[in-house]
Each structure stands twice: as C-alpha cells, then as structure tokens.
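Report on the following structure.
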Amino acid sequence: MARRAAVPARPLGDDFSFVSPVVKYVLFFFNLLFWVISMVMVAVGVYARLLKHAEAAMACLAVDPAILLIMVGVLTFLITFCGCVGSLRENICLLQVFSVCLTIIFLLQLAAGVLGFVFSDKARGKVSEIINGAIVHYRDDLDLQNLIDFGQKEFSCCGGVSYKDWSQNIYFNCTATNPSRERCAVPFSCCLHDTEQAVINTMCGHGMQARGYLEASAFIHTNGCIDKLVNWTHSNLFLLGGIALGLALPQLVGIVLAQLLINQIRDQIKLQLYNQQHRADPWY
C-alpha cells in the first residue's frame, strides 16, 4: 500500500515543510562531490587524448584507457548533475532520473558479477581476447603500453598464455621476414627484477621468444598473465567483494536519499494544495 501523507486537521503555517534540510543537503553535497570527480576524470581523459597522435588514437580506440575515462566521467557528470540540481531545486523529475539511472547501473553491475561467476569460462575467453588485442596495439598507445607494463610487473607474467604471445605484435613478431630490431623480443616488463640493478635494462627481453621455456625462464617471466590474473582473483575474493560493496554502497545511499526526498516533496505539494483549498473556504 502506498504511503500517504498525514492530512492535518487544519492548515499548517507557511514556514512548515515536510522536506528535511538534512536529506536535501546531504544528497546535494553527495552528488556535488562525485560531480567534481567526474569533471576531473573528463579533463584528464581529454588531456591524455590530446597528447596522442591522431593515427595512434584511431588505431587503438576500442582499448584506449583515456576514452574509457572520458565515457565514465561524462556518464557520472550527467547523473550527478541531475542529482545536484534535483535536490537543490526540489525537482521530482530530475530526482527520478537520478534514482532510475543509479538503479539501472547497480542492476547492471550485479548482473555482470553474477554472469561473470556463472559463465567463468566465457569470461576468461573475453579476458584473453582483450589481452591479445592489447598486445597487438602495444606500441600504438602510450597509456596502453604503460598499463600492460604495470600489469606484467605486478603479476610477474608475460603475454596472454605465454611469453610467445608477443609474436602477435608487429614489432615483436618472430618471423624471419620481420625487419624490426625488436624481432623475437618481449617488453622489458617481462624481465626478472634484479634488486641490485640501479638502472633498468630495457633491452633485457631481446631474442627471448627464440629461446625455449627453460632457457628463457632464467631471464624473463614465461607464464602468461591470464592464469596469473585468474589465480589472483580466486585468492582475493574478499578484497574484490569489498571493492564491489564500496562501489555499490554510494549508489544505494543515493537511491535511498533520492526516493526519501521525492516522497517528502510530494507530501509538501499535498500540504500546499490542502492549505490553498482551506484558505479559499469562506467558512475557514
């Protein structure tokens, strides 16, 4: 049964309001914070895109972290803008748009998590496809290159399934007809870390694809990043669950506050109509 506002026995004063200032301004500043964050994300993403050459930008559009940052920033900007203005102006329409958008995003995240768990094999295949695509475009995008190097260093891995996956890249391709000076090489981020080495040897991966697993393992990480990523995921389920909860909690708070404020605004509108009707009554 829908909640009904309590109808007063007589008109209340003009200074009375069902709208709680606490709910109103908590929701406003909550959205304002994420609104500012979204503008910073868009600015960083646009700046990163402007620093790149046009041909590199077109070659790796689908896997460009800068494009992803811009898209997420713009989406967050639009949603939080509705929340900011809707709460400040007590606009039911904008608050409903804000609440519905947050609900849809929350349900999509929940569905993605469930589907990823149920169809783990297909999810692994998709991850493999993304990693192979990133390997192909390794030299085309500086942000992507730094991201791959960071991942290979952190997970102590090289390539997708193995270090020989780097032959998919035109510069590291191990065929005899490849004129590149990096033929049969792997990125320096695949190399074993030497704690006594003060300067990083960026040439340490040259010729490693031409060597066997046992011989190459003395110089580089030969295991692929897919297995390492899967093992890390299984070992850090509580951490991932905490991150997921941390992402979902602000969304749930925003939805609850928006719905609470919408109900308060509706009650206030009913009160105003009630007061107007009774003030127009000559017997009042």
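Using the three backbone atoms N, Cα and C, a Cβ is placed for every residue, glycine included.
TrEMBL labels come from automatic prediction, so no person has curated them.
As annotated by TrEMBL, transmembrane segment applies to 25-48, 60-88, 94-119, 237-262. TrEMBL lists Cys157-Cys190, Cys158-Cys174 with the feature disulfide bond.
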What does the structure give for the C-alpha distance between Cys158 (disulfide bond) and Cys190 (disulfide bond)? Integer Å is fine.
5
Let's check the environment of Cys158 (disulfide bond): how many other CB atoms sit within 10 Å of its CB?
26
Which of Cys174, Cys190, the listed disulfide-bonded residues, has fewest other Cβ atoms within 10 Å:
Cys174
Cβ neighbours of Cys157 (disulfide bond) where a neighbour is any other Cβ within 10 Å
24
Could you state the whole-number distance in Å separating the C-alpha atoms of Cys190 (disulfide bond) and Cys174 (disulfide bond)?
16
